[in-house]
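K.L.:
First the structure, which I've put down as structure tokens, then a few questions once you've had a look.
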Amino acid sequence: MGPRRKPQTPRRRPSSPAPGPSRQSSSVGSQTLRRRQKFMWLKEIKTLQKSTDLLFRKKPFSMVVREICEKFSRGVDFWWQAQALLALQEAAEAFLIHLFEDAYLLSLHAGRVTLFPKDIQLTRRIRGFEGGLP
């Protein structure tokens, strides 16, 4: 039989900083972290704007399309070609991107930076019933 290990005693955690004004170094560190996170967001936005890739994954989108098709065709199952699903997905993404662009313009017009549901609702109301792409 090999040597036995001694049971480890729980170690004490380091004491938390005293309440009161924080030190200058911690605020500087949090500012650089925020700045780094901001640049990461901006970098992600720029890469997404440059790319022409699809934003939705293909499998979940095809499942939603099949479910909607089954609902409106009263249980009749249709076969979908891959090219047809791809064309439908590109059209759906273009529609949503254009909708969000217009809704964001409305939020900027209202003097806000945050996009609210009421901006999207107003965009759809301005566009009308069949407010597709221009």
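Any Cβ shown, glycine's included, is placed from N, Cα and C.
As annotated by Swiss-Prot, region 'Disordered' applies to 1-34. What Swiss-Prot records for 1-14 is compositional bias 'Basic residues'. Annotated N,N,N-trimethylglycine per Swiss-Prot: GLY2, in sequence order, evidence recorded as similarity to another entry. Per Swiss-Prot, phosphoserine is recorded for SER16, SER22, SER62, and the stated evidence type is similarity to another entry. The annotation region 'Important for flexibility of DNA ends that protrude from nucleosomes' is assigned in Swiss-Prot to 34-48 on the grounds of similarity to another entry. Per Swiss-Prot, the feature region 'H3-like' maps to 35-134. Per Swiss-Prot, the feature region 'CATD' maps to 69-110.
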K.L.:
May I ask which residues of the same chain, at least 6 positions away in sequence, place their Cβ under 8 angstroms from the Cβ of SER62 (phosphoserine)?
P.N.:
TRP80, LEU85
K.L.:
Which sequence-distant residues neighbour the region 'CATD' (69-110)? Criterion: at least 6 residues beyond either end, Cβ under 8 Å.
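P.N.:
Counting only partners 6 or more residues beyond its ends, the region 'CATD' (69-110) has Cβ contacts under 8 Å with 54-56, 58, 61-62, 116, 119-120, 122-124, 126-127, 132-134.
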K.L.:
So what's near the region 'Important for flexibility of DNA ends that protrude from nucleosomes' (34-48) in sequence-distant terms, Cβ-Cβ under 8 Å and 6+ beyond its ends?
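P.N.:
Contacts with the region 'Important for flexibility of DNA ends that protrude from nucleosomes' (34-48): 55.
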K.L.:
How does the region 'CATD' (69-110) divide up by DSSP, counting helix, then strand, then coil residues?
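P.N.:
Split into helix, strand and coil, the region 'CATD' (69-110) gives 32 helix, 0 strand, 10 coil.
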K.L.:
Going by DSSP assignments with H, G and I as helix and E and B as strand, what are the residue counts for the region 'Important for flexibility of DNA ends that protrude from nucleosomes' (34-48)?
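P.N.:
Helix, strand and coil residues of the region 'Important for flexibility of DNA ends that protrude from nucleosomes' (34-48) number 15 helix, 0 strand, 0 coil.
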